[in-house]
Structures are given as C-alpha cells and as structure tokens.
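**Q** Questions regarding the structure given below will be posed in turn.
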Amino acid sequence: MQAARVDYIAPWWVVWLHSVPHVGLRLQPVNSTFSPGDESYQESLLFLGLVAAVCLGLNLIFLVAYLVCACHCRRDDAVQTKQHHSCCITWTAVVAGLICCAAVGVGFYGNSETNDGAYQLMYSLDDANHTFSGIDALVSGTTQKMKVDLEQHLARLSEIFAARGDYLQTLKFIQQMAGSVVVQLSGLPVWREVTMELTKLSDQTGYVEYYRWLSYLLLFILDLVICLIACLGLAKRSKCLLASMLCCGALSLLLSWASLAADGSAAVATSDFCVAPDTFILNVTEGQISTEVTRYYLYCSQSGSSPFQQTLTTFQRALTTMQIQVAGLLQFAVPLFSTAEEDLLAIQLLLNSSESSLHQLTAMVDCRGLHKDYLDALAGICYDGLQGLLYLGLFSFLAALAFSTMICAGPRAWKHFTTRNRDYDDIDDDDPFNPQAWRMAAHSPPRGQLHSFCSYSSGLGSQTSLQPPAQTISNAPVSEYMNQAMLFGRNPRYENVPLIGRASPPPTYSPSMRATYLSVADEHLRHYGNQFPA
C-alpha cells in the first residue's frame, strides 16, 4: 500500500505558486503554511488581490492618457494617409478579437477543469462520509444487539436454568463476553462529528462551485457579445454600436481584473494546502480524532499496524467463545429444557449476525478505501482544480489585454467615421455620381419632365428651330433616365443608356454601354435627318 501513497506528488505548478512571496498589508513577510483561520495569512491573500487592483489602476491610467492624447492630438495626414489609418484600425480590431476569442477558449477549458476538480472532491467526500456513517451504524447496531437483545434472551434462559448452576455459569460467562465486546466497540472512534463537518464542506463546495461556474459562463458570453458588437460597429460604421462596445468593454475590463485577483488568491491558497495537506488535516482533526488514527488513514503504510487490530481481534475471539458456549447448551441443555431452545437459537442467530457485522466493520475501517478517497480528493483539488484556476487566470489576463486594445482603437475608429462623414458632406450635391445624390433621388419624387426629343419636332419651319434647345444641368439624373425611358418604352424604368440628354458618357463607361449609346445616337440622327433635311 506504500505505492498508493507515492501516487500523490505535488506537481510543479503547486511548488511554483507556493513560492510566491506571502506579504501582509504592512509589507511584512508571512508564513506560507496553509492556515485559513489565521488573520495574517488572510492578509497575505488579500495583498495578492490588492496587487491585481493596482494593476487595474495602472491599466486605467494608461487608457485615460491614451484617450486624451487620441482626442486632442491631430495627426499629420501627409505622413499617414486615411487608407493606412483605416487599415491600422481594422488590423487592431482583428488582433483584439482573436485575443478575446482565444481567451474565451482558454477560459472555457479552465472553467471545465475547475468544475471537474470540485465535483471530484465532492464525490470523494461523499464516499468518505458513506464509509464513516457505515462504521458508526455497524458499531451502534452491534452494541444494541449485545446490550439489549442478548440481555433479554439471557434473562429468560436464567429463569429456565434456575435449577442448574452449571448452566447459569455458562450464561454468566456469555454475558461477560458480550460486555467485553461492548467495551471494545466503545473504544472505536465515533465519526459523527467528522461526518457532519464533511457533509457541510461538501454542501458548501457544491453551492460555491455552481455559482462560480455560472458566473464565469456569463462572463464568457459577455466577452463574445462585446466582440460581436465591435465587429458590427466597424462593419456598419455605427457610432452607436461603437459607443456600446466601449462601455461594455470597460465593464468587462473591470470584471477581468477582478476575476484575476480572485483566481490568483485562490490558486496561491490552494497551492499552500497542496504542498503539505497531511499537516493541515492533522492540525484540524487533533481535537476530534487521535493522531494515530489520522496518520493511519493519511499514510496507510503497509509496515504499520492498524490501531483497530486489537479491538477487532478481541471482538472476534469473544464471538467465537460465545458461539461455542451456545452450541454446547443446544447440545446438552435442550434435551432437558425444551423451552430453552427458542432463546438459544435466537442467540445463535444474533451471534452469526454480529460476526457478519464484524467482517463488514473490518473491511470499512481498513485504510485502503478511505486512503483512496483521500488521494482522489487531492487529485481533484491539486491537479484539476488548481490547473483550472491557472487557466482562468490566463483567461482574465488575455481578456483584459484584448479589451484594452479595443478601447484604444475606439477613438481612432470614431475619428475615422467622423472624417468619412465630413468627406461625404464636402461632395457637390449636383454631382450625378455622388452616392448621397443617388440615395436622395431614390427617395424623392421626380422634379418635373425634361425636354425630350419629341419636343424638337414641334412644327417650326426654320432650320434653326430644328436644333434641340440647350439642356439644363439637372441634379436629378434618376429622373432624366426615367424620362428617356418613357420616350422609348412608355414605362418609366432605369436603362443602361446613361446621360442621353447630355450626350456624354460617364467616367466608368463600359464597352457594352458605349456600343448601346452609339447605336441609339446614330438611329436618332438618321430619324431626324430624314424628317428635317438640311
């Protein structure tokens, strides 16, 4: 069984975290031995949380300084173009989003590991509680049989064997053996208080773990939602989404540093326990259970003897002696006193049941079962649980870094959106290729019919009247296209023949549109040339 004890070895991260300096609030060194009830030890853990709070303050100071510089300092456009500015914002957002997604992935893994470790601890505590409760039940049940049930049968047999002194001596001897068994069983430790403490610890662990797991899950969802808002804000160039991202990012930044403080303090405290768990358990159970019994279960050494060996051996010998005496009475006394058979058979059945309880008790008080539960609990705390806390701490740090980057990129994106809107405002509204003019024309009614080619054949006889009147510059190109469409097809619709009235192609004139435009123009020239010859 010595090999089972070697199975637990404090991992390297436990030693590394335990080596973190423990300093009190007065900046004095504190003993790193795990003692949660000690006020100085509690101050050392609180000091670690204050270190994270100081880091949060420095982070906020840096962000405020950067935001002030970004809002009041003007950048030279000759040195860095707008296109480069937009590209820089995009890549900053991409990097921040990737860091945030990586942080959430690490956080999910750490949250799952911590949850597994906590539930493994709870299962081990429940198994140990089941063993302790079984020991107490067997001891109390056997004591009840020896003190009450056996006494009743012996009292009736004493009345039956009143005329035989030798049989009365045998009954008295059986009664002495039963008293010896009761005395030996009373020497076994009572685990009732230990069971209550372990049950309370298991319930508290489950309660805290449930809300811890749920809180981190909500924090992961919040971080992903903030990343989504940031992507939508940059894609739609929405200042409202950008402002929401900045506010939520600041909140998540505070939560990230707070979770880092909690994870760091919890990880250091757990490592202090995992370095020497036996010492802490011996100190806690010193007033409830003997040190010999505690060491027997903690170390379970094959070379050491069980503290219950003498008690169990005496119990077994007493049962064997009583069974021999009862068998002798059944053989010699029943032929003379037939009324004693029922009580003797009942005593024999009671002794057989007590022997079965003895075997169960021997198996339960053996150190191997409880020592396995102890090792499983240590594995849940010091391996899965502590690893999960480290991953959660890494998540908190990466999330703080990602949201700090997002907050830094926010003012630059805001200024870029403002500059882009200002550039749109500087464009001439009469420009037919202005995107704003196209949007305004699509939502406004037509401004009136323009002169079409039909108005040029109005019946004036002079040759000069055949020339089309000068086309006025219109700031509603959509209406002009619709009027020309009504001329040729009677239905107002958009055509692929732009700017017919102006007789000039747009700058982005495709070959197909050019061919269509030239064919229509030639047809119109031939038509009007035949009707109005020079």
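For all residues, glycine too, the Cβ spot is worked out from N, Cα and C.
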**Q** Consult Swiss-Prot and report which candidate among Cys300, Cys382, Cys408 shares a disulfide bond with Cys367.
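**A** Answer per the record: Cys300.
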**Q** Which of these links to Cys382 by a disulfide bond in Swiss-Prot: Cys274, Cys408, Cys454?
**A** Cys274
**Q** So, in Swiss-Prot, are Tyr66 and Leu361 both on one side of the membrane?
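**A** Topology check (Swiss-Prot): Tyr66 vs Leu361, domain names differ.
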**Q** Which recorded positions from the set Glu113, Asp116, Arg164, Asn283, Asn352 come within 10 angstroms of Thr199 (phosphothreonine), judged by C-alpha positions?
**A** none
**Q** Given the recorded positions Asn31, Asn129, Thr199, Asn283, Asn352, which one is most crowded in terms of C-beta atoms within 10 angstroms?
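**A** Result of the Cβ crowding comparison: Asn129.
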**Q** Against which stretches of its own chain does the transmembrane segment (241-261) lie, if we need a Cβ under 8 Å and a gap of at least six residues from its ends?
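**A** For the transmembrane segment (241-261), the nonlocal Cβ contacts are 48-53, 55-56, 59, 216, 219, 222-223, 225-226, 229-230, 232-234, 392-393, 395-397, 399-400, 403-404, 406-407, 410, 413-414, 417.
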**Q** Are there any residues at least 6 positions away along the chain from Arg164 (site 'Essential for the formation of the channel-pore') with a Cβ closer than 8 Å to its Cβ? List them or say none.
**A** Ala333, Leu336
**Q** Consider the recorded positions Glu113, Asp116, Asn129, Asn283, Asn352 and say which one has the Cα lying nearest the Cα of Asn31 (N-linked glycosylation site).
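**A** So, spelling it out, the nearest of the recorded positions is Asn283.
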**Q** Compare the Cα of Asn352 (N-linked glycosylation site) against each of the recorded positions Asp116, Asn129, Asn283 and report the nearest.
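**A** Nearest listed residue in space: Asn129.
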**Q** Considering only the recorded stretches 45-65, 214-234, 389-409, state which has the highest number of Cβ pairs under 8 Å to the transmembrane segment (88-108).
**A** 389-409
**Q** Apart from its near flanks, which chain residues at least 6 from the ends of the topological domain 'Extracellular' (1-44) lie with a Cβ under 8 angstroms of it?
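**A** Those are 50, 267-276, 279-280, 299-303, 367-368, 371-372, 375, 378-379, 382-383, 386-387, 390, in sequence order.
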